[in-house]
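Participant: Next up is a structure, given as structure tokens.
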Amino acid sequence: MRAWPRPVVPAVAGEPPVPTLFDTSAGSVRPAECTGDGRVGLYVCGITPYDATHIGHASTYLAFDTLQRVWLDRGYDVAYVQNVTDVDDPLLERATATGVDWRDLAAEQVELFRTDMEALRILPPDSYVGVTEVVDEVAAAVAELVRRGTAYPVATPDAAQPGARDLYFDVARAGADGPWALGDESGYDRDTMAALSAERGGDPERPGKRDPLDPLLWRAERADEPAWDSAVGRGRPGWHIECAVIALRKLDRPVTVQGGGSDLIFPHHEMSAGHAAALTGEDFACVYAHSGMVAYQGEKMSKSLGNLVLVSRLRAAGVDPRAIRLALLAQHYRADWEWTDALLAESVARLAAWDAWAADAASTDADAGEPGELVQLVRERLADDLDTPGAILLLDLRVATGVPATPVEVAAVDALLGVALGSPAA
């Protein structure tokens, strides 16, 4: 699947510190690397394309864009993979409700997502993979789990073909056989897991499962649903196995960082890690990093609630995407926070001040190759669990002095924060 154009990231001289991230599985901050050889891999779960990109989505993708920029500044070789869940129940339900073909709806929303990401100057993935592009590979992985005894069938009376059965992942068997055990990634207790499973696409009450928390690997074909012929019969993939297979196909093992919103900690990231470990006998990732939830009008912003602030609508209203980006960067990526008009207005004013600060950079006498104290301090803030609010505060304080920026400082704001000063975005 095609991604979106990559913005130019300036190179800035100097010796950036080793970046760190909060690892959900460890409950602490740790280096955002695995091997120390300068090669890093990032997998971030992508959209289910049934509605437009809202500020909550943008906040998550910007968090991991910032991680990439910090890695690149450090000189690392970065491989970034993102999926698109372009066949799933919410997409099919929206397509049915609106009377459009699910494939057309997915294509339309993916294109809008690309446009929003390009406008926000989010670095694109090196591999942008739709689930429909890897159905055969997912089915082969499910077949392998069946062969190993970590997958099993469950009676499916409503299957389109008599005798066809859904396939589930046996969490107890996987935990006994490999490096992963249920709860390793999330740290949640079983009661919390059961509640979240029911809330987030699981089916803990389904009869015939060995454990209520066992997740779906393969959904047998139902009437009027898309299905593919495969090694495990006609049907379509379950949610968690899709990401495990795509990551294992596209990235070195273990993945350096598995990223996404905090609402993916369980069941999605927990189970993806379990599937990958069952297939490889190895831990899936070194760091599990999660962004906080964004609220609007007092509730978590979500498609199901409809309380959305859409990036495309802000852009259509004339808001500079750089101001949107600064509004998001002003929040720590792990924090839960609420979007307000006042927050956006503050960022519009900040952008104007920064643009003015940068306007005379070309006329300064400072050596463009020497980053200086400000750039090093910004690097230190970003290396400390992506402390973008701290980095912004440092820049605000410098701007307030009235001393013009140096060319290297302007380049560093672009390279590290993705804000091209003096260059209004479309």
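Cβ coordinates are placed from backbone N, Cα and C, and glycine is handled just like the others.
From a predicted model like this one, the values you see are computed outputs, not experimental measurements.
Take a look at what Swiss-Prot says about it:
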BINDING   CYS45, CYS243, HIS268  Zn(2+) binding site
BINDING   CYS45, GLY46, ILE47, THR48, THR60, ASN83, VAL84, THR85, TRP239, GLY261, SER262, ASP263, VAL294  L-cysteinyl-5'-AMP binding site
MOTIF     47-57  motif ''HIGH' region'
MOTIF     199-204  motif ''ERGGDP' region'
MOTIF     300-304  motif ''KMSKS' region'
Participant: What three-state class does DSSP give CYS45 (Zn(2+) binding site)?
Facilitator: coil
Participant: Among CYS45, ILE47, CYS243, VAL294, all listed as binding-site residues, which has the most CB atoms within 10 Å of its CB?
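Facilitator: When each Cβ's neighbours within 10 Å are tallied, CYS243 leads.
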Participant: Quick one: pull the CA-CA distance for ILE47 (L-cysteinyl-5'-AMP binding site) versus CYS243 (Zn(2+) binding site), whole Å only.
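Facilitator: Checking the Cα atoms of ILE47 (L-cysteinyl-5'-AMP binding site) and CYS243 (Zn(2+) binding site) gives a distance of 12 Å.
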Participant: With a 10 Å radius around each C-beta, find which of these binding-site residues (THR60, SER262) has the fewest other C-beta atoms nearby.
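Facilitator: Across THR60, SER262, these binding-site residues, the one with fewest Cβ atoms within 10 Å is SER262.
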Participant: Where does TRP239 (L-cysteinyl-5'-AMP binding site) sit by DSSP, helix, strand or coil?
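Facilitator: Once the DSSP labels are grouped into three classes, TRP239 (L-cysteinyl-5'-AMP binding site) ends up as helix.
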Participant: Taking the Cβ of HIS268 (Zn(2+) binding site) as the centre, how many other Cβ atoms fall within a 10 Å radius?
Facilitator: 25
Participant: Which of the binding-site residues listed here (THR60, VAL84, TRP239, VAL294) have a Cα atom within 10 Å of the Cα of HIS268 (Zn(2+) binding site)?
Facilitator: TRP239
Participant: Please give me the CB contact count at 10 A for VAL84 (L-cysteinyl-5'-AMP binding site), counting all chains in the structure.
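Facilitator: Neighbour count, Cβ to Cβ under the 10 Å cut-off: 24.
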Participant: In sequence order, what residues of the same chain, 6+ apart, have a Cβ less than 8 Å from the Cβ of TRP239 (L-cysteinyl-5'-AMP binding site)?
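Facilitator: Those within reach of TRP239 (L-cysteinyl-5'-AMP binding site), by Cβ under 8 Å and sequence separation of 6 or more, are THR85, ASP88, GLY201, PRO215, LEU216, HIS268.
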Participant: Quick one: which residues besides CYS45, CYS243, HIS268 have a Cβ within 8 Å of the Zn(2+) site's Cβ centroid, in sequence order?
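Facilitator: Going along the sequence, the neighbours come out as ASN83, TRP239, HIS240, GLU242, GLY260, LEU264, HIS269, SER272.
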Participant: Rounded to an integer, what is the Cα-Cα distance in Å between CYS45 (Zn(2+) binding site) and VAL294 (L-cysteinyl-5'-AMP binding site)?
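Facilitator: CYS45 (Zn(2+) binding site) to VAL294 (L-cysteinyl-5'-AMP binding site), Cα-Cα distance: 17 Å.
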Participant: Among THR60, VAL84, SER262, these being the binding-site residues, pick the one whose CA is nearest to that of CYS243 (Zn(2+) binding site).
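Facilitator: It is VAL84, whose Cα lies nearest.
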Participant: Helix, strand or coil at SER262 (L-cysteinyl-5'-AMP binding site), per DSSP?
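Facilitator: Note: SER262 (L-cysteinyl-5'-AMP binding site) is helical by DSSP.
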